[in-house]
Amino acid sequence: MKMITTLAAANNKKNKVRSILVIAAVFFTTLLLTIIATCGYGMMESQRVNAGRLYGTYYGTYTGVREDQFARMKQRGEFKKAGVMATAGEVEGKADISLIYSDSSVLEMTNQRRNLSQGRFPVKENEITASPDFFRQLGYDSVKPGDRIVLNSRESMSQKYKEREFAVSGVLKDYESNIKGTSFYGLVSKSYYDSVIPDAGHVYTAYFQLSDSVSISYDTAEETMKNLAQKCGIDPKGVSVNGYYLMWKLDPGIENITICAGISLLVILFSVVVIYHIFQVGIAQKVQEYGKIKALGATRRQMKKLVFREGMLLALTAVPFGVAAGYGIGSALTRILMMKSSSVQPGMPPLEMVSCFSLPLLVFCGVLSLAAVWIALKRPMRIVAKISPVEAMKYQENSSPKKIRRSRKALSVWGLTKSNLTAYWKRTLKTILAMGLSCVLFVALSSFAGSIDNEYNARKEVEHGQFVLSLDYSMNDTAYPENNLDSILKNNPLGQKTIEKIKGMDGVTDVTSRKYLYMTEGNNTYSVMVLNREDFEKHAGEGGILGDMDYEKASRENGIFYGWSNFIGDSGYRIGQKISSNLEDGSTSQNYEAVIMGSFGSLDTDWAITEDTYRKLGLENANASGTVWVDCSQEDLGKVASALEQLSDENDHISMDSYENQLNLSRSASRVMQFAVYAFMAVIGIISFMNMANTMIISIITRKQELGILQAIGMTSGQLNRMLQMEGLFFSVGTLLVSFVIGIPAGYTVFYYAKTHSYFGMNIYHFPWIQILAMTIVIIALQLILSWLLSRNVKKESIVERIRYQG
């Protein structure tokens, strides 16, 4: 036993160059596995630890809960903690501003207690607590506890706004962000809620945690909560699961485990192929040497052990360093990802940093690498164990029993190159496929990362120009009917006069508008947008559509389209249904009968018709604009923004947004995702390079004797260089062809899957030509450098030394 181990170590020591290459390959493969495992574990641990900070510590909520139903909840042992929250009114203003009452349990479960910066939560009827952004929306800067504010609020759409004075009891933390918020809330006391909402109208949203006695997981949470709701007399339809919190706090669920396992399996398969190829090329070349040992009396079992231990000694040398380096790099990457994730979430507290260390996980990565090495050694072990000593001495890789036709044709550099590649065609094919596999993965990931289009995402919100002005309207405000769309269109603040005023602003280069209509169908009222051909086709290409989205047919048949495909079923409508309605544009109205021809994925209105249909109906009110886009040069952005903000501030029914704001939002959301993908691709690139370098170096070293004989019979150094360069170029071109033929379709498949599943930024496929060009240049450049270096190394030895070389 000791003799076999000593012999294996001596064999590795003798073949220093080959051993170093194998160690390097195993090291980088272990490095990749450990980085992926460490980053995955670190991010999951971060989500688990920060789940409560990010998503709240409640398991779920019940909406529409009365006080008697909540009392039943408190009596049941399945609920560990329960609290209520209710809307106490809305505040008059351009933004969406609400007054909310939350009891102490909800304040704790929604992290409001942690977010309190100054003072305390409201207790008296006239007290309020909110963030600085809330107070700024009301015109108050630098608010502190004890200050008094005045606001106009109402409890329902059927009531008028009333002026109310509040004393500031506390101020919430203000987390800075470059993204403008549009929704704000202030916390009020139970006394205030009781004073403005009659007892009969007390309806709450109940937040709760379940006790440990309740068996629950991410997959069973919704059903369990619905069953408990029925026991308390609560409508199960009002159940909402805090999915992200449960996913990380309890367990990731079957679906998430399956996704993670699939990614891990892909990485493992990739690693096994790379390691297998390295050992296959490296160890299979030494069959003759093993034959000599077998001739001295070694048994089949001893020969297998020798090959196994030779490979494992090299792997055991590399694996600890790979695990250590992988853990260090993985921990650093995880920390960077956490810091970036924390910095791009507006209004969210900074993440608590966690440790990525897990001894069982690191041991598993090491064992996995050793297992991959063991799999790679199985074929060389079988070859050595099966053949006789005589056959082993005659063994040539990919040898063929067929007779070789002798030829007197003069030798050429290309002929020698082709002869070597075809004589060892299996090795050549395996090399190209092994190298190509990593490049295919690189191309596929590049297609995904390169298709995250922040500009396109921003354009979905601000379709034209640099700024957008939109009507801020209601549909069923009975207390203030002047806020409803039909009333606003009659005296539209975005009418032709306003558009002409905008066109006259200094710096404005273009103004585009879109018509909005008011539709009545039975007792229901809806908003309708008018789409021209260009905008119609653009929205139809964004995915999530249903039905026949043909502009010509819709214009010809006066068809109508629903605005939200996910909700068309819930609304009671269906494709092909005929509706009878009345359309108004602020000055005229028309009866309108149409067939629902399809549905867009998401629009800003309930319905849409074509511009041709709008004109055929005789609705051509120039003052019916619902959205206006304004364009200007980059130099005039600040000047035009100030003018438009002043215009928006002068009218309560106009809201404003900018392309720059939406671009910042899109970039913030995509930054972490792209960083993770490109970091992963960088590691893949290192592994790919090591695989290519290992293959080329082993190929040249194992043919050192052959190259010496060729030079002895007349091959010049220049011809040797050209032969090595051509061999390397053949591998490089073959690798690139594999990556192009397989990687490009695979990349588009990844993109198409991401787009159809509404992954962020997946709207238009961007061919990764820059990444592919960079990969091509790097592969060819590295191949040329390697060939040149190896050629120099070979020429350092004399021809006699190379002829004597035994590998």
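Glycine is treated like the rest: Cβ placed from N, Cα and C.
Note that the coordinates shown come from a computational prediction; the quantities given were computed from them, not determined experimentally.
Here the domain 'ABC3 transporter permease C-terminal' (263-379) has a mean pLDDT of 78 out of 100. Per TrEMBL, domain 'ABC3 transporter permease C-terminal' is recorded for 263-379 (among others).
For 679-798 (among others), the entry in TrEMBL reads domain 'ABC3 transporter permease C-terminal'. Residue counts for the domain 'ABC3 transporter permease C-terminal' (679-798) under DSSP (helix as H, G, I; strand as E, B; rest coil) come to 101 helix, 1 strand, 18 coil.
If you look up TrEMBL, you'll see 20-44 (among others) marked as transmembrane segment.
TrEMBL lists 256-279 (among others) with the feature transmembrane segment.
Counting only same-chain residues 6+ beyond the ends of the transmembrane segment (311-337), those with a CB under 8 A from a CB of the stretch are 5, 8-9, 12, 19, 22-39, 42-43, 46, 279, 283, 353, 356-357, 362, 365-366, 369-370, 373-374, 376-377, 672, 675-676, 679. Annotation comment: TrEMBL describes 311-337 (among others) as transmembrane segment.
The annotation transmembrane segment is assigned in TrEMBL to 357-377 (among others).
The transmembrane segment feature in TrEMBL is assigned to 432-452 (among others).
What TrEMBL lists as transmembrane segment is 675-701 (among others).
The transmembrane segment feature in TrEMBL is assigned to 729-754 (among others).
Taken from TrEMBL, the feature transmembrane segment applies to 766-790 (among others). Sequence-distant contacts of the transmembrane segment (766-790) (same chain, at least 6 residues past either end, Cβ-Cβ under 8 Å): 439, 442-443, 446-447, 450-451, 453, 685, 689, 692-693, 696-697, 700, 721, 724-725, 727-729, 731-732, 735-736, 739-740, 744, 747.
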